[in-house]
Amino acid sequence: MKLQKIPDGLWVFAGGGAGAFMRAVLTEIFPQTFLHLPVAVLCINVLGAFLLGCLLRFLAVSGQDAGWRKATRLGVGTGVMGGFTTYSSFAVGAVSIATSGSVAAAFMYVSASIILGFLACFLGQIIGEKLGFTSKNSQNGIKIRGVR
Amino acid sequence: MLWCLIFLAGGAGAWCRFSLDSALKKRWTHPVPIGTVTINFLGSFALGLLTGYALTHPEHQILTTVIGVGFLGGFTTFSTAMVEAVNAARSGQALASFWLALGQIIGALILAFAGLTLGTAVF
């Protein structure tokens with residue numbers, strides 16, 4: 001079966017299921033909190049932001065968004081990384097920490113997630129671009145303007 | 001069994017995110033994306049409600065885990081939110097980046113709190 005014949009939604013569904021499954025397994029294995037912070041969700045979100053930044057920039061600079069690149073973007077990017085990371089557990093988790101009395105811990109959790117997530121994603125993008133430009137398939141080895 | 005359901009619910013959540021985001025992208029032509037923020041706001045409010053329900057109905061733990069960890073976890077996304085914030089920053093839209101990173105979590109926290117309060121009161 002050709003890649004193009006597989007509907008976009010199926011890549012997203014399969015990848016999203018796998019990502020959510022991995023997150024569930026990791027939070028089950030590491031339910032511990034460190035300084036009142038749910039470290040598993042924090043690590044999952046920061047790692048996911050890094051990997052998604054890296055993947056999307058690699059795919060964008062290494063060639064056209066078609067064929068295996070599009071399938072990878074949808075399956076691994078939108079699907080696995082999107083399903084692996086979570087915003088709802090992050091927001092509700094922070095509120096739960098705050099309402100249970102540790103407002104300082106909730107503030108730390110939110111700041112750490114956003115600051116580390118942002119930096120990790122930026123770093124991932126830079127690495128992804130480096131990998132994409134040096135890859136054999138690179139069709140546009142020119143400096144890009146903007147990032148879209 | 002539970003893991004299988006989490007896989008299916010996570011897949012369904014991701015599919016809903018993809019469909020909703022695609023539909024919004026067709027209507028929203030502004031350079032600052034709105035899809036992920038909308039999804040994360042909806043999902044955070046819904047998980048707040050569900051957590052309120054779970055607190056008073058521990059007998060439905062399997063159902064609430066599948067919906068909360070699976071569906072809503074797969075529906076909402078942190079990684080895309082960060083990618084959009086970094087993209088905005090790198091293309092010189094500092095204010096948009098600020099709102100995508102900070103405004104998004106402030107909104108999600110308010111909605112999660114509202115959901116949790118409402119869920120605990122109603123159920």
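Just so you know, glycine gets a Cβ as well, placed from its N, Cα and C.
TrEMBL lists B:Gly73, B:Thr76 with the feature Na(+) binding site. According to its DSSP assignment, B:Gly73 (Na(+) binding site) is helical.
The annotation transmembrane segment is assigned in TrEMBL to B:32-55 (among others). With a cut-off of 8 Å between Cβ atoms, the residues of this chain six or more beyond the transmembrane segment (B:32-55) that come close are 17, 20-22, 24-25, 61, 64, 67-68, 72, 75-77, 80-81, 84, 88, 93, 96, 99-100, 104, 107-109, 111-123.
Under the heading transmembrane segment, TrEMBL lists B:62-83 (among others). Panel annotation: around the transmembrane segment (B:62-83), residues 2, 5-14, 16-17, 36-37, 39-40, 42-44, 46-47, 50-51, 53-54, 100-101, 104 of the same chain, lying at least six beyond its termini, place a Cβ under 8 Å from a Cβ of the stretch.
Here TrEMBL flags B:95-118 (among others) as transmembrane segment.
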Long-range neighbours of the transmembrane segment (B:95-118), counting only residues six or more past its ends (CB under 8 A): 31-32, 37, 40-41, 44-52, 81-82, 84-86, 88-89
- prompt: Under 8 Å Cβ-Cβ from B:Gly73 (Na(+) binding site), six or more apart in the same chain: what's there?
  reply: B:Gly10, B:Gly13
Statement: Residues near B:Thr76 (Na(+) binding site) by Cβ (under 8 Å) yet at least 6 apart in sequence within the same chain, in sequence order, are B:Gly13, B:Arg17, B:Ile39, B:Asn40, B:Gly43, B:Ser44, B:Leu47
